[in-house]
Amino acid sequence: MEMSLADCWGPAPASPIGFEGYEKRLEITFSDAPVFADPCGRGLRALSRHQIDSFLDLARCTIVSQLSNKQFDSYVLSESSLFVYSHKVVIKTCGTTKLLLSIPRILELAAELSLPLLSAKYSRGAFIFPGAQPAPHRSFSEEVSVLNGFFGGLKSGGNAYVMGDAFRPKKMWHVYYATEEPEQPMVTLEMCMTGLDAGKAAVFFKNSADGGCSSAKEMTKVSGISAIIPEMEICDFDFDPCGYSMNGVCGPAASTIHVTPEEGFSYASYEAMNFNPGSLVYSDLIKRVLSCFRPSDFSLAVTIFGGQGFAKSWAADAEKKVAEKGVAA
């Protein structure tokens, strides 16, 4: 009997005392299929729900809500989010999910659609409970080994980086990147926040006596999330007895928020991607996000693949504006 990659890695260990909020993020991009193979240009958006479930099952998560527009399909998951564009899939999963085990099935489905592989990106922060992570997420070196097995043969080769301050290991940022050819620059802003203000966190408990909200829509409004980027259409979801997720869509741009409000390991994440950098004042955006959660600590990662000069100038300008606004980095 043939053994799958998932079988080789075995079951996940028992859950830790607290829930792991820090997400793993995987982005795989493909080139155009031949016209005769995809005359409508739907690409990955032609995948059925059953096919999408087939790779989410391998990662150990399920779809709980969805929202689509002309550019892409957005799914809120039991553990974070999935975005499916015609030529790109972005998956974020938290907890003890096995995100990298979804890769072979995604590549198989793309091959069935005649979509050539273009690039892959993987990133994550430093886990709160690293010892609870299952294979192949027990270490970054283990993750890189798996990623290289699928993407190391692209022209750039696999490129792995660990960024941050060695004296602050809980703030390290891990990035893997491989590509077949240069890509158009795209800005992705990610925020990881811990030690949420008790009053702000209470909003994300259902029916609690200290300020909880009874529905996801109420959480979105009361927390201030709906005002972060007002023009975004939001698909939100509340978990029982606590926790919250949302995806926002606006043209090709997306945002997502995930909240684990329990005291002792409270966590919230925010991401904005595919925006025109000139259309947002990112320092103001960051302040609005922070006002929703008032964390005691946070880290900020701005990723721009395919435009090194643009990245340096944008990051320097953003850093200056954030400092001027009095936002602590």
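Residue positions begin at 1 at the first shown residue.
Cβ coordinates come from backbone N, Cα and C, glycine included.
Features as listed in TrEMBL:
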type	residues	note
BINDING	F19, E79, F239, E262	substrate binding site
ACT_SITE	S80	active site, schiff-base intermediate with substrate
MOD_RES	S80	pyruvic acid (Ser)
ACT_SITE	C94	active site, proton donor
ACT_SITE	S245	active site, proton acceptor
ACT_SITE	H258	active site, proton acceptor
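Cα-Cα distances to F239 (substrate binding site) place S245 within 10 Å, out of the active-site residues S80, C94, S245, H258. Comparing the Cα of the residue listed as 'active site, proton donor' with the Cα of every entry in S80, S245, H258, these being the active-site residues, the smallest distance points to S80.
Using a 10 angstroms CA-CA radius around S80 (active site, schiff-base intermediate with substrate), the recorded positions that qualify from S245, H258, E262 are S245, H258.
Cα to Cα, E79 (substrate binding site) and S245 (active site, proton acceptor) are separated by 9 Å. Rounded to a whole number, the C-alpha distance linking S245 (active site, proton acceptor) with H258 (active site, proton acceptor) is 4 angstrom. Using a 10 Å radius centred on the Cβ of S245 (active site, proton acceptor) and all shown protein chains, the other Cβ atoms total 25.
For the residue listed as 'active site, schiff-base intermediate with substrate', the count of additional Cβ atoms within 10 Å of its Cβ stands at 27 [all protein chains shown].
Residue with the densest Cβ environment among the binding-site residues E79, E262: E79, by other Cβ atoms within 10 Å.
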